[in-house]
Amino acid sequence: MAAETVELHKLKLAELKQECLARGLETKGIKQDLINRLQAYLEDHAEEEANEEDVLGDETEEEEPKPIELPVKEEEPPEKAVDMASEKKVVKITSGIPQTERMQKRAERFNVPVSLESKKAARAARFGISSVPTKGLSSDTKPMVNLDKLKERAQRFGLNVSSISRKSEDDEKLKKRKERFGIVTSSAGTGTTEDTEAKKRKRAERFGIA
């Protein structure tokens, strides 16, 4: 403000009047009156400008954009690594399947008939059982069990062994003899009838059977 008063004092009367006209002030009076009017006007307007600047400053502060906070993504668990590990485990398990079981599955996939022996071998390999043919064993053990039961029943009730038990014993002996000499056909039974008759007599004498 001191600089403005100095400048006003330097102005001439005509220049002061022009300043007053420009600001809508009266031009009447001496030079000092014009200077006082201009100073009062400038002081009033200086306060208004200061207030406007303060208001504008507040508005600009309010209008300052706030920093946008980006959402922080949570770290997801490594699912891919787990999937890869499970796939590897599955591959290892499938590689340990026995060859017989794989052949059976392949035959089922392509609708190819699978033999009974291969099925048995696959089942035995699956459960860890040795695949030994049990046809001969089952056929040989059945008559023995039946004979023992018949003998026990006959001894329990004090009865003689029936002709059925004798026939089964003879059949069993014939079968064993055929297996011993490698005879397969049933025609060899005629040549061994004498031996069986002699054995029948000896057995009857031993057990006191009439």
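The backbone N, Cα and C atoms fix where each Cβ goes, and this holds for glycine too.
Note that the structure is predicted; figures quoted are calculated from it, not measured.
Taking SER118, SER130, SER163 one by one, Swiss-Prot attaches phosphoserine to SER163.
Looking up LYS10, LYS89, LYS119 in Swiss-Prot for N6-acetyllysine, the annotated residue turns out to be LYS10.
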